[in-house]
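A.B. asks: So TrEMBL says this about it:
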BINDING   B:49, B:56, B:119  CoA binding site
DOMAIN    B:5-182  domain '3-hydroxyacyl-CoA dehydrogenase NAD binding'
DOMAIN    B:187-283  domain '3-hydroxyacyl-CoA dehydrogenase C-terminal'
SITE      B:140  site 'Important for catalytic activity'
């Protein structure tokens with residue numbers, strides 16, 4: 001049985017194809033910089049040289065089609081046809097309160113994921129595009145979804161409740177959910193292995209740093225608190241996401257700039273963070289290169305530090 | 001029914017706005033105009049609109065590029081062969097719209113839905129031009145289509161249940177807008193109410209009760225309208241408001257729909273609002289008030 005695992009992020013898509021007879025990896029790879037002129041596709045068939053292609057890939061559906069092309073490529077592929085893929089697993093960022101564990105994709109599952117678009121506007125739509133693209137190319141294949149929020153379901157009430165009227169939680173499930181759950185779970189298990197101590201005895205802070213970033217306090221192997229909140233916008237400053245800011249800035253800016261809800265959402269999710277601070281790019285590699293080239297960018301990587309350290313320690317301080 | 005490729009006939013204000021929204025939602029749009037110059041102008045206006053949205057942080061440069069890549073200018077209905085839905089958006093002229101519906105009906109297979117963005121005309125009459133009137137339906141969008149999440153879905157006498165069901169599914173699940181079902185009636189809900197609102201504001205002005213600015217401020221601040229009736233009329237196009245009122249006046253025969261003389265005079269004088277740069281207010285090339 002071959003299972004394709006897809007992790008569609010906001011600007012990247014990673015994949016691994018497993019042969020479940022021995023849980024071996026047949027191929028893996030990633031599509032980076034989706035939405036930019038020079039997207040990079042890196043395909044690694046097991047035991048053969050890596051293939052790297054630079055091309056324009058503007059959205060996730062095209063990215064998934066490209067992955068399937070790679071897996072069945074006469075020269076670099078590992079499958080004769082896409083029909084040899086028996087099941088597909090997707091990482092899904094937001095499961096809200098509807099999903100406390102993984103689920104098989106059904107019309108109802110998709111509807112629930114769609115309902116959570118507002119809470120993870122950069123991610124759940126990208127995951128849905130992945131699911132839809134797989135449905136189009138592999139009709140009838142079983143698909144499963146694994147949620148980032150599930151690991152954080154162990155958080156105590158003191159961690160997940162916001163200090164706002166309780167009625168908002170009761171009516172609209174406004175609470176901290178936390179994200180990057182599968183990553184924080186894996187990192188904590190690896191940390192215990194490396195330290196040579198049982199996970200159940202450890203108090204850890206794990207950091208997930210990518211285009212999105214979060215820190216989690218893990219108490220005896222369970223998520224105790226985390227920097228991301230109801231949406232992946234809270235916490236550390238990120239590539240294009242603002243992270244923590246004074247909540248009063250939002251209505252003030254909407255009023256002064258005459259912005260709609262979707263405009264302010266887009267501003268905070270797609271036009272803020274490192275991109276806004278640097279005035280150059282959301283990609284640290286581009287900023288570092290520009291700095292070495294003498295570019296007078298408004299930022300330096302050290303600008304990330306104050307907000308970063310504050311949010312990284314916050315989950316522990318709340319205890 | 002899958003909706004991946006949509007044909008849009010007419011690259012005027014509504015055609016541009018609908019094409020832009022559909023491409024933003026991920027569909028390939030085939031935008032048709034009579035002449036290459038008009039098509040070019042329509043595509044340029046879409047680009048300006050997208051740039052304005054970037055200025056307001058609503059879009060990124062990559063999203064703009066993606067949207068523009070999905071809009072394909074065409075000059076002939078044979079280019080609609082792959083489309084699942086055709087939306088016509090030409091001016092509110094019954095005979096011209098009937099000719100367009102008839103041509104689209106001949107050019108497209110019978111399972112393709114033919115929708116009209118008419119705001120006042122009879123769907124039954126438009127559908128009578130088609131050999132397959134059961135696939136003709138009204139989809140009345142509200143400008144700016146990108147921002148306003150409402151579509152009036154209008155059934156003609158012979159519109160089939162299947163056409164209505166597919167159209168409702170498209171509106172509510174594919175483009176995520178609220179679809180309100182309307183039985184055929186001139187002006188439907190939105191045009192009938194908003195044109196009367198604008199016409200009454202014009203009567204208040206004619207009677208010397210208040211100034212343009214004060215009438216607009218009263219309704220904008222007092223009743224939380226985004227724009228007052230005069231700026232709203234400028235943005236719709238005074239000629240469009242005039243045509244809609246004339247059409248409803250003819251259909252209903254009631255005096256309340258008779259267009260105000262100020263409106264008639266301004267349309268005759270070519271002061272059409274945002275599209276001509278001047279109406280009740282003046283506007284720059286980007287459509288912002290000066």
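Just so you know, the numbers here start at 1 and follow the chain as drawn.
Cβ from N, Cα, C; glycine included.
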A.B. asks: Going by Cβ pairs closer than 8 Å, show me which of the recorded positions B:49, B:56, B:119, B:140 neighbour chain A.
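C.D. replies: Listed recorded positions meeting the cut-off: B:56.
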A.B. asks: If you draw a 10 Å sphere on the Cβ of residue B:119 (CoA binding site), how many other Cβ atoms land inside?
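C.D. replies: A 10 Å sphere around the Cβ of residue B:119 (CoA binding site) contains 27 other Cβ atoms.
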A.B. asks: Look at the recorded positions B:56, B:140 and tell me which residue has the greatest number of other C-beta atoms within 10 angstroms of its C-beta.
C.D. replies: B:140
A.B. asks: Is it possible to get the count of other C-beta atoms within 10 angstroms of the C-beta of residue B:49 (CoA binding site)?
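C.D. replies: Total other Cβ atoms inside 10 Å, all chains included: 18.
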A.B. asks: C-alpha of residue B:49 (CoA binding site) to C-alpha of residue B:140 (site 'Important for catalytic activity'): distance in Å?
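C.D. replies: Counting only the Cα atoms, the answer is 21 Å.
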A.B. asks: Please report the Cα separation of residue B:119 (CoA binding site) and residue B:140 (site 'Important for catalytic activity') in Å, rounded to an integer.
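C.D. replies: Cα-Cα distance, residue B:119 (CoA binding site) to residue B:140 (site 'Important for catalytic activity'): 6 Å.
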A.B. asks: Quick one: Cα separation, residue B:140 (site 'Important for catalytic activity') versus residue B:56 (CoA binding site), in Å?
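C.D. replies: Pair distance, Cα basis, whole Å: 27 Å.
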A.B. asks: DSSP helix, strand and coil counts for the domain '3-hydroxyacyl-CoA dehydrogenase C-terminal' (B:187-283)?
C.D. replies: 66 helix, 4 strand, 27 coil
A.B. asks: Take every residue in the domain '3-hydroxyacyl-CoA dehydrogenase NAD binding' (B:5-182), average their pLDDT values, and give the whole-number result.
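C.D. replies: Value for the domain '3-hydroxyacyl-CoA dehydrogenase NAD binding' (B:5-182), mean pLDDT as a whole number: 94.
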A.B. asks: For the CoA site made of B:49, B:56, B:119, how many Å separate the two farthest Cα atoms?
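C.D. replies: Greatest Cα-Cα span of the listed binding residues: 29 Å.
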